[in-house]
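Visitor: Annotations per Swiss-Prot:
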- 20-43: NAD(+) binding site (BINDING)
- Y160: active site, proton acceptor (ACT_SITE)
Amino acid sequence: MKHSVSSMNTSLSGKVAAITGAASGIGLECARTLLGAGAKVVLIDREGEKLNKLVAELGENAFALQVDLMQADQVDNLLQGILQLTGRLDIFHANAGAYIGGPVAEGDPDVWDRVLHLNINAAFRCVRSVLPHLIAQKSGDIIFTAVIAGVVPVIWEPVYTASKFAVQAFVHTTRRQVAQYGVRVGAVLPGPVVTALLDDWPKAKMDEALANGSLMQPIEVAESVLFMVTRSKNVTVRDIVILPNSVDL
């Protein structure tokens, strides 16, 4: 008996995705990739002027939504803003985040508070804003950018690692709560990616990483997200971990 393998369906025609932290890095590359698959995409970021320039370049299926995720009232109105622009929502990607590394004994707790608020509280609040809508329509995908630090404690970034462990806990408890409604929740967990989040890396560490190939490009993450949200509705990709070959974690 012959078995044929059909080509992977990656069409998002008729779907609407919304992505936080979409003005640069992983978020912007995910926006480009989902647009290329036929989706309409709402790019969410606090940098309104930059967003407007980007959507003009990206075309008529890209929409700008300026939101400061550190402001609770703006996050609480997130769904309303998305629906006003596009009329629907199928995919929500909680991608925005901040990075902090270094020894705990030398850290600034005020900086920690800002990082933890964005990576944890704001991300969870975003999901709270959009989740009832997805439950009501009995379909949808929520994706988190959780990074490898969400499953492997990384010694040089304790606070950041802790924030991503919190994200992973939220992802998989929420996933189990909402699966019954046809809503899928998953996380993409990349290793080091060339983005603005690595601006705090010491120059010597960055130069070494670029030289030895231990950094990935954002497109690697974007293609994984596309894979996750285009699977058959009876399948959930709960985690995708992607590492450069030379990263020993």
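Positions of Cβ are set from backbone N, Cα and C atoms, glycine also.
Quick one: where do these features end up spatially?
Guide: Note on R32 (NAD(+) binding site): other Cβ atoms within 10 Å of its Cβ, all shown chains, come to 19.
Listed in sequence order, Y99, I100, G101, V115, N119, A149, V154 are the same-chain residues at least 6 apart in sequence whose CB falls under 8 Å from the CB of Y160 (active site, proton acceptor). DSSP assigns Y160 (active site, proton acceptor) to a helical segment in the three-state reduction.
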Visitor: For V41 (NAD(+) binding site), which DSSP three-state class applies?
Guide: strand
